[in-house]
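Read the structure below first, then the notes.
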Amino acid sequence: MPATPAFDAAGEETLRDILNAHRDLEGPLLPILHAVQEAFGHVPQEALPIIAQDLNISRAEAHGVMSFYHDFRENPAGRTVLKLCRAEACQSVGADALADRTREKLGIDWHDTTADGAITLEPVFCLGLCACGPAAMVNGKLVGRADAAKLDKILEGAR
Ligand code: FES
């Protein structure tokens, strides 16, 4: 997995701007986490204690919220982010086997990135494409009726 880049002074300034823009919202933590991920591509570990202190909540609480939502990542993503639906409708048409095969082929588990930084694999729970499962998303684009051949092609193109 790629190392988390340094959270330097410029990064902290960006975080302070985000906090200033969001702290007065009702329930500011989620919008702040989204904005941080948007700005950095992930939520740097160093950001969480600063966010927690700013909002006067514990680090554990901030971390708990972040890990509850699968969209937030602690490490930078690969160039291609492949999300595979793990919800029921997709499971009923073979999503589990497809996910097992994909993890084995990439040699990584959920939330991990291949060593070459090419592909990050993430689970997702319903993409609204239930009638065309198994569903996937590749860098934000939906893929319906995903199968081994389709995913192989996508993964080859990502490298
Ligand atoms: S269950 Fe997979 S898209 Fe809805």
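Cβ coordinates come from backbone N, Cα and C, glycine included.
Taken residue by residue with DSSP, Cys85 ([2Fe-2S] cluster binding site) is part of a strand. Cβ contacts within 10 Å of Cys85 ([2Fe-2S] cluster binding site), excluding its own Cβ and spanning all protein chains shown: 27. TrEMBL lists Cys85, Cys90, Cys126, Cys130 with the feature [2Fe-2S] cluster binding site.
The [2Fe-2S] cluster site is set by Cys85, Cys90, Cys126, Cys130; from the centre of their CB atoms, other residues of the chain with a CB within 8 Å are Arg86, Ala87, Glu88, Ala89, Ala95, Val124, Phe125, Leu127, Gly128, Leu129, Gly133, Pro134, Ala135.
Within the group of binding-site residues (Cys90, Cys126, Cys130), the Cβ with the highest number of other Cβ atoms inside 10 Å belongs to Cys90.
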